[in-house]
Amino acid sequence: MKTLLLTLVVVTIVCLDLGYTLICYSSSMNKDSKTCQKWETVCFQEAFKPHSSGMIILRGCASSCPKGYTCCATDLCNW
């Protein structure tokens, strides 16, 4: 009985996500993603046009939303 209880406790600990980390898209060209650090709690996206021939899109993780950027706080929300 003790073995069964111990097994259940171990399985519960392994299955629980004890330190949730956010996952954000990190590339402007494709859907590459990365797991954020524990202190990074938002995904960001910023698009800007430095010249007439193209657009640059920045995506990634941040600890707070940079001014002027679009941010969200769920996995893969910054596409």
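Cβ from N, Cα, C; glycine included.
As recorded in Swiss-Prot, the features of this protein are as follows:
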- CYS24-CYS43: disulfide bond (DISULFID)
- CYS36-CYS61: disulfide bond (DISULFID)
- CYS65-CYS71: disulfide bond (DISULFID)
- CYS72-CYS77: disulfide bond (DISULFID)
- 1-21: signal peptide (SIGNAL)
Quick one: give me the count of other CB atoms within 10 A of the CB of CYS77 (disulfide bond).
16
Coarse DSSP state, helix versus strand versus coil, of CYS77 (disulfide bond):
coil
Three-class DSSP secondary structure - CYS72 (disulfide bond):
strand
Using C-alpha atoms only, work out the spacing between CYS61 (disulfide bond) and CYS43 (disulfide bond) and round it to an integer in Å.
5
Closest of the disulfide-bonded residues to CYS65 (disulfide bond), Cα to Cα, picking from CYS24, CYS36, CYS72, CYS77?
CYS72
What three-state class does DSSP give CYS65 (disulfide bond)?
coil
Counting across all protein chains present, how many other Cβ atoms fall within 10 Å of the Cβ of CYS61 (disulfide bond)?
22
CA-CA, which of the disulfide-bonded residues CYS24, CYS36, CYS43, CYS77 lies nearest CYS71 (disulfide bond)?
CYS43
